[in-house]
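If you check TrEMBL, you get these features:
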COMPBIAS  37-51  compositional bias 'Low complexity'
COMPBIAS  387-402  compositional bias 'Pro residues'
COMPBIAS  403-417  compositional bias 'Low complexity'
DOMAIN    227-325  domain 'CAAX prenyl protease 2/Lysostaphin resistance protein A-like'
REGION    1-63  region 'Disordered'
REGION    379-446  region 'Disordered'
TRANSMEM  106-131  transmembrane segment
TRANSMEM  151-172  transmembrane segment
TRANSMEM  193-213  transmembrane segment
TRANSMEM  265-284  transmembrane segment
TRANSMEM  290-309  transmembrane segment
TRANSMEM  346-368  transmembrane segment
Amino acid sequence: MSENNHPQSDGTPGPSQWGPPQPRQLPEPAGVPHGLPVSDSSVSSAPAGAARLQYPTSGSTPVPARDQAAMAWQYAPYLPAERDLPTRPTHYHGFWRTEKWRWWRVLLAAAVTLAGFFGTGFAFGLFGYAIDFARTGKIDGPGTGLTAGLFLGNNLALASLIPIALLVSLVFRQPMRWMSSVTGRFRWRWFGACLAWCLPFWIVLATLTSLVGEKGELAMHKDTVFMIFAVLLTTPLQCVGEEFLCRGIVNRGVASFFPQTTRLLQVLSAIAGGAVSSVVFMLLHNAGDVWLNVNYFLFASIGCYLGWVTGGLEASSAMHIINNLTAMATLPFTDFSGMFNREAGSSSPAILLIDLTPVVLAAIVLTWRAHRKKITNVSAPGAAGPTAPPAPAQPIQPPAPYGQPGWTTGPQQGPSQEYPPQGYWGPRQFLGRPGMVPGSTGWGSA
């Protein structure tokens, strides 16, 4: 085949007349995707850490308009607000004590918790009165005893401590998911296992109590169906809410005043946090009887111990749920108006033996299961560094124009930047690929 030495129909030279690439004077591209300028003065306006493409300047090879989409600014992935997580292995109670800890954050967390709890308590109290009025057509004044509506309102107010606790974790610049455990999530499988291991102890307790204790009269009444649903649907949430408040917010807040740098400080912070949070749990039940208060304090202390051993709130929440559900199993069939009667003399030292025996046995079994299953109880999520560091700024050479003088007859080599760049941890994004056909934007699947 003879060599074509004649100019082509569009006036460009034929192949034999093509020579080496010559610089051409062209203005900068008329438009850039995303409305970003390409002049040198615009470089300073790019975000810190942004990787950008190099646009041609005067005297360089022109770039067709169809390739400008492939030459837009390439930003690093969105980086969330700086997180403040432990950089050394830390137990659950000490998770808020980090290198950037500040004492005023504890006071702010306390203010947010109190404001949120009193606000939701007032709202759900009105909601309870509204339910009673809708069901009976009247509202019983204070001092007349617990009603079905107030029982539901009380449970919902305590359940609201769950989202309040999750929001409080943001005060310490930690994602909400780290409030549940040191693994950054609520471990549902471990939680289910804890429920299964705790249940037999309270079944035995309920059986012995029904055989030995006083036999109350059980009967259906106007609140029975309502109370069955209220107990089953809201009591578990009420228990978890108390765990997030006492074993979560209060325990962590007090323990955060102790650096977690040595084993001794970790133990001391656990004792301090556990003691204060157990007192708060005791006061939350508003009991006037000394033996009831001792019972509540010891129950809460064992819950803090489980948080230390298992690294989260799942075990103590499971034990709390089983305890309350079995205690309320007959509630819908009895007169529960005096349920909150906890004045002095309403209990005796025997309650410590009756109520705490299954608690201690369950704690021993859960400790054994946690060691057997190697449940994570310490972690250092902040030691791994940021989850998505900005991509390094590396220039990418644009492809040469298609069908212009100076091209060879073979396929042209496109950008050769490594994809993804070394050390880049973010979402996949186009940065150019080797072997692109000239004129192609390269926006295919990679």
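In case you wondered, yes, glycine gets a Cβ from its N, Cα and C as well.
Note that the structure is a prediction, hence the values are computed from the model and not measured.
Put simply, of 106-131, 151-172, 265-284, 346-368, the stretch with the most CB pairs closer than 8 A to the transmembrane segment (193-213) is 346-368.
Only residues 6 or more beyond the boundaries of the transmembrane segment (106-131), in the same chain, are considered here, and those with a CB under 8 A from a CB of the stretch are 96, 139, 147-154, 156-157, 160-161, 164-165, 167-168, 171-172, 245, 249, 253, 256-257. Note: the domain 'CAAX prenyl protease 2/Lysostaphin resistance protein A-like' (227-325) comprises 84 helix, 1 strand, 14 coil (DSSP; helix = H, G, I, strand = E, B). Model confidence over the domain 'CAAX prenyl protease 2/Lysostaphin resistance protein A-like' (227-325) stands at 96, taken as the mean pLDDT rounded to a whole number.
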